[in-house]
Amino acid sequence: MVCFSKYSGITLDMRLILIDWLIEVHYEYECIIDTLCLAIILVDEFVDRIDKIDRKYFQCIGICCMNIATKILEPEHIGSENCNFISASQYTTDVIISYEKNILQTLDFHLVRKTILDSLWSKIKDFSRQKKNMGIFFTIVSMTSDKYKCFPCEKIADGIIKLVDLIDNYPIDSIDYTDEINTDTIMRYLWSQLTICTNKKLDGYTDLIKNLEIDFEFMKKLTSDIILKPKIVLFPSKNLELYTPLRHCFQYNTEDISNITVVKNLGEGTYGTVDLVTLNASKAAIKTQKELNEEISPDMVNEIVFLRIMDHPNIIKLYGYHLGSQTKLVLEPMESSLRRFIIDDTWNNLNKTLGITNNIFSDNQKIFYIKQLLEGLKYLHENRIVHGDLTCSNILISKSKLKICDFGSSKIIHPKNKLNYKTSKCSLWYRAIELLLEQNYDEKIDVWSVACICGFILGDKLFDGDNESEIIENIFSHLGTPDPIIFESKTSINIPTKKYKFVGFEKLEEKYPDITSIIYRMLSYDSKMRISASQTLEEFNKFNSD
């Protein structure tokens, strides 16, 4: 065993039973398969990093890792109370919260991983549904032992595809397949795990086969027909593809936090508060989760996770975090949000603070800020990160610097795959049309949001409304009613029956004709035709901002 050999009390069979149970949990809570894969990885790495495990808490570790994975990838997380229920109240809610924080601190919030499934998705894009399901099946089979960590993700994905092709064309009476599997290390590993799982009575494994519409009797026949040679030895190894570079940040202790002096409140919301503080004689911004002694919220988990892997001059920096009775994020301080800078009553004072004379927000300054916003967005999308909630309140300014903040709604997007619209929490005025019409989405929702922010910066709010239906009607009244082919699936939102023609934004066109033409391309109803962040930046770089 790779991770578990140092724990005499926890066997590989115990691990298999845990994974089988997590498969059941994943179906009960209708999680995507990616969530299950991430949870398994987190279990293995946590076990690998700690010195001692009490076997009676092994299941607690499993359900906590599943809960963490849902916070990263699902529209709704399982929650500590449901974790207590799922585990038949073996562990109190307080114990579950404590273990979850221990896992997060031990892993240092390093939760964005390249998985076998990531490598597989792009390779099986054009497969039949049956072959795709078989690929997913063997991905989970590969992770029923912790030896999957001995192989690069790409290699396992390639082995899965070879095996799926082999089974798809399998003639029962042929012995050639036995030789082919035995001469390929990864296929042999996959087959050995398939044989183990098929010959044990595993409820989760049975559910997996049933839900993926795989013929169990056929698989049983295959495992009896194909005989493996004596076991190969897999030496313990850490698969470096599971790790991504992290920015350094501190884990502040209680004593550090007690030395904070609050200078002023910068804002508050449903998440909690943000304060400007001095910490160790330096200024910082501290975001504090509102609830006391509660599990860390999905937004806080996401924010720490994504800020740990990002390093760009137009992205806010995370100095560190503290997981106490309240979760605290220690962030780079900035003077103002873009929203406050543009529309609040403190306009004159802020202009003075930011070094802008005569209360004039010049056209060059507007272009300069927009370019910085696009530089940050380009960086996000190049790293497969969807921000998910870009608004004027989530853009910060200090003097000539602009930085993107608030990554609580951010997601990793896989190439050629779209995210479930239910995972989006984008603010109403900045919400892309596909989200309003309950369509799945990709990184282009951020481009739509930036178009709306550009409107604010240039002096013309693009869309408003008190609910989804009002916003949709407002969008249609400016951009025209879209072709129904673009949004043909059903939606629970009331769509305007009136047919609108394109009229655009007359005031904006009159003052900024060239920029407005770019904004229209950023607001394309069809996300495939919508201009990318990189292309938008290229267009804005043609304008002078000196």
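Start at 1 and count along the chain as shown; that gives each residue its number.
Just so it is clear, glycine is given a Cβ too, placed from its N, Cα and C backbone atoms.
Going by Swiss-Prot, these are the annotated features:
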- 1-112: domain 'Cyclin N-terminal' (DOMAIN)
- 260-544: domain 'Protein kinase' (DOMAIN)
- L266, G267, E268, G269, T270, Y271, G272, T273, V274, K287: ATP binding site (BINDING)
- D389: active site, proton acceptor (ACT_SITE)
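Residue counts of the domain 'Cyclin N-terminal' (1-112) by helix, strand and coil are 77 helix, 0 strand, 35 coil (DSSP-based). When Cβ atoms from all protein chains are considered, those within 10 Å of E268 (ATP binding site) total 13, not counting its own. Sequence-distant contacts of G272 (ATP binding site), defined by Cβ-Cβ distance under 8 angstroms and a gap of at least six in the same chain, are K287, T288, Q289, K290, Q326. Looking only at the domain 'Protein kinase' (260-544), the predicted model's pLDDT averages out at 87. Distance from the CA of the residue listed as 'active site, proton acceptor' to the CA of V274 (ATP binding site) is 18 Å. You'll find the Cα of D389 (active site, proton acceptor) roughly 16 Å from the Cα of E268 (ATP binding site). Under 8 Å, Cβ to Cβ, and six or more positions away along its own chain, L266 (ATP binding site) finds V274, D275, L276, A285.
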